[in-house]
Amino acid sequence: MSEASNQRKYPKVGAKSTGSIPPSELIEVVEAAARAGAEVVMDAVNKPRNVAYKGLADLVTDTDKMSEIAILEVIKKNFADHLILGEEGGIAGDTSSDYLWCVDPLDGTTNFAHCYPSFAVSVGVLFQGNPAAATVVEFVGGPMCWNTRTYTATAGGGAFCNGQKIHPSKTDKVEQSLLVTGFGCEHDDAWNTNFELFKEFTSISRGVRRLGGAAVDMCHVALGVTEGYWEYRLKPWDIAAAV
């Protein structure tokens, strides 16, 4: 984490003299926050997990909570009056702020719990309801060879992976496409509908993958390794950083 990102204080949002915060300043803090969470996850990735349940199949680990604490610490040091929505901690900060941070401290918790290499730390910030800057740190490799790749983006500035500009696939035909989807924890009508779509798209495309992390799935579309993604019942923190 850079010293500047950890210590800098920005003016109060909405003050007449400031207006919106430059994307270059926002992305610096977004990256620092995501890296702080990723450091927590990397430290825990080869250690035993303490797993609990938020629902029938909705897992949470101590690492989810510790990662969110680390992320929020960076955000609050830099933007104390911004509004924050975290998957584990809910709403915090000034509800009148023009800025909303959406934090998923561990996207793909079930994969993390099983050491399956498809999970990430996801931090996105919106300005007046529109995506402004985002970072997703994806964990790749697997046991004994974990590594990360970092996706960043700013509004109007394009998307990058490990500092290199990335572009989506140019394929525009379903029959030539590799698709990806996800199934939530609620086994409801939307869940059943998605199974029907899964079968339909499997029959007309090159295949449909189900990796288990919404932010990771969307970043793979941005990277151009898959052509499309869909899923039901997503929450703001699932997608804010990868939209």
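All residue numbers here begin at 1 and follow the chain in the order shown.
Even glycines carry a Cβ here, placed using N, Cα and C.
TrEMBL does not curate its annotations; it predicts them automatically.
Per TrEMBL, the candidate among Asp217, Asp238 that belongs to the Mg(2+) site alongside Glu87, Asp104, Leu106, Asp107 is Asp238. Within the same chain, residues at least 6 positions away in sequence whose Cβ sits under 8 Å from that of Asp238 (Mg(2+) binding site) are Asp104, Asp107, Ser122, Ala214, Ala215. Apart from Glu87, Asp104, Leu106, Asp107, Asp238, the Mg(2+) site neighbourhood in this chain, defined by C-beta within 8 angstroms of the site C-beta centre, holds Asp64, Val103, Pro105, Gly108, Thr109, Ala120, Ser122, Gly213, Ala214, Ala215, Trp237. Looking only at other Cβ atoms within 10 Å, the busiest spot among the binding-site residues Asp104, Asp107 turns out to be Asp104. Its Cβ taken as reference, Glu87 (Mg(2+) binding site) is surrounded by 23 other Cβ atoms within 10 Å in the chains shown.
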